[in-house]
Amino acid sequence: MSEQETRGANEAIDFNDELRNRREKLAALRQQGVAFPNDFRRDHTSDQLHEEFDAKDNQELESLNIEVSVAGRMMTRRIMGKASFVTLQDVGGRIQLYVARDSLPEGVYNDQFKKWDLGDIIGARGTLFKTQTGELSIHCTELRLLTKALRPLPDKFHGLQDQEVRYRQRYLDLIANDKSRQTFVVRSKILAAIRQFMVARGFMEVETPMMQVIPGGASARPFITHHNALDLDMYLRIAPELYLKRLVVGGFERVFEINRNFRNEGISVRHNPEFTMMELYMAYADYHDLIELTESLFRTLAQEVLGTTKVTYGEHVFDFGKPFEKLTMREAIKKYRPETDMADLDNFDAAKALAESIGITVEKSWGLGRIVTEIFDEVAEAHLIQPTFITEYPAEVSPLARRNDVNPEITDRFEFFIGGREIGNGFSELNDAEDQAERFQEQVNAKAAGDDEAMFYDEDYVTALEYGLPPTAGLGIGIDRMIMLFTNSHTIRDVILFPAMRPQK
């Protein structure tokens, strides 16, 4: 057996011994009838204590004689004979406990406290003071074991480093890694700030079906499920768009939804099959209004959540306080591939040849508009680092967007890019029922030709349009990618609490 194998075997034995030891301690607690008490109440969290009392010196704290109670997980413990220091971690952060034998009821220190393990959840009551190094601490007069941890924590010095374990056992990641906890705190704050931003502008939050008979609103491969009672195949939604626009037809002129979408596609650092989107629809507006709203939203979120309009992502700094760049799709192609003959983008055969020359495999079902879009994706998208709006998307790849009045081959649509990736997609909505019916039929034809991401024909949505959809603009923003930017996270798995993972064998 190699040295590495021997070390691994010894670690497994040590781990099993620790599990056995902890279970024996729990068994003893059960016999005493105090295994999982539920009568301890705290009056402060660690962050509340630091915020209120960090500025006070020890003399002032002693004169105030402030008694507090806290509860949380024991992360570290230094036993020094008759006294110990404990690091307690709770939802707000960490606070130090000073545990002295003579300050506790008889027997608690030696017979109970010293037998507890790291990871145990405890309650503590005592008075505030500061150590000689100036650290705010609690001099404990009462200690309670609230939950016995049967498994040891990850490496207490280096945190949890194994990426697979971090994602599969997110609870361990949250215990061990401050950055992970902060990422999801920021996520929650951003979602709350988005809702506040939208409601302040007269939008109503709504909920639309997650299971749909006809999946629509995006070009993507759906998940299929079966409704037993109805004996009906249904689809997990790929987007809420068509239902939200039905609500605008019904008279709700400003609506938004923050919820999950599901797409049966690949997994990557940018893609998870289950992801969060915000979609909004605003009557009597066009895509220019949404460009202004998007800029304002990102500026507001940065200021309110991070306290600055400058956001650092990797080696880049984005200043949301400045106007965002705006380019048409063709301008972006020319900017990032200057040798492009723009006339080639007006001819199918020339565009096809150009696409193939830069490594794009052109599918039989693609028209000129799809080819031009793929060329843009290949030559320009990765260069769109600073906040940029790309406009004038071809009608072929925009089956729900309003055609441009001057050039009907393009639409009044934009996509919003930051850090070389798409963050949002918005457009003036197509509200011509006959045009929509024709485009749905084109999608049906594309699906028949082999495009499994083409849309289904939604007859009821066409019927809704026949009752009249007012001039409307719609916007979708990928919340997960937004959170990646605001938390400087470089894989989508870092911002989704429980990302999709292949089952362990």
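Including glycine, each Cβ sits where the backbone N, Cα and C put it.
Within the list K115, K156, K326, K335, the entry that Swiss-Prot describes as N6-acetyllysine is K156.
Comparing K82, K114, K245, K447 with the features listed in Swiss-Prot, the residue bearing the annotation N6-acetyllysine is K114. Here the Cα atom of K114 (N6-acetyllysine) is found 54 Å from that of E422 (Mg(2+) 1 binding site).
Within 10 Å of its Cβ, the residue among the binding-site residues E415, E422 with the fewest other Cβ atoms is E422. Within 10 Å of the C-beta atom of K114 (N6-acetyllysine) sit 13 other C-beta atoms, taking all shown protein chains into account.
Secondary structure from DSSP puts K114 (N6-acetyllysine) in a helix.
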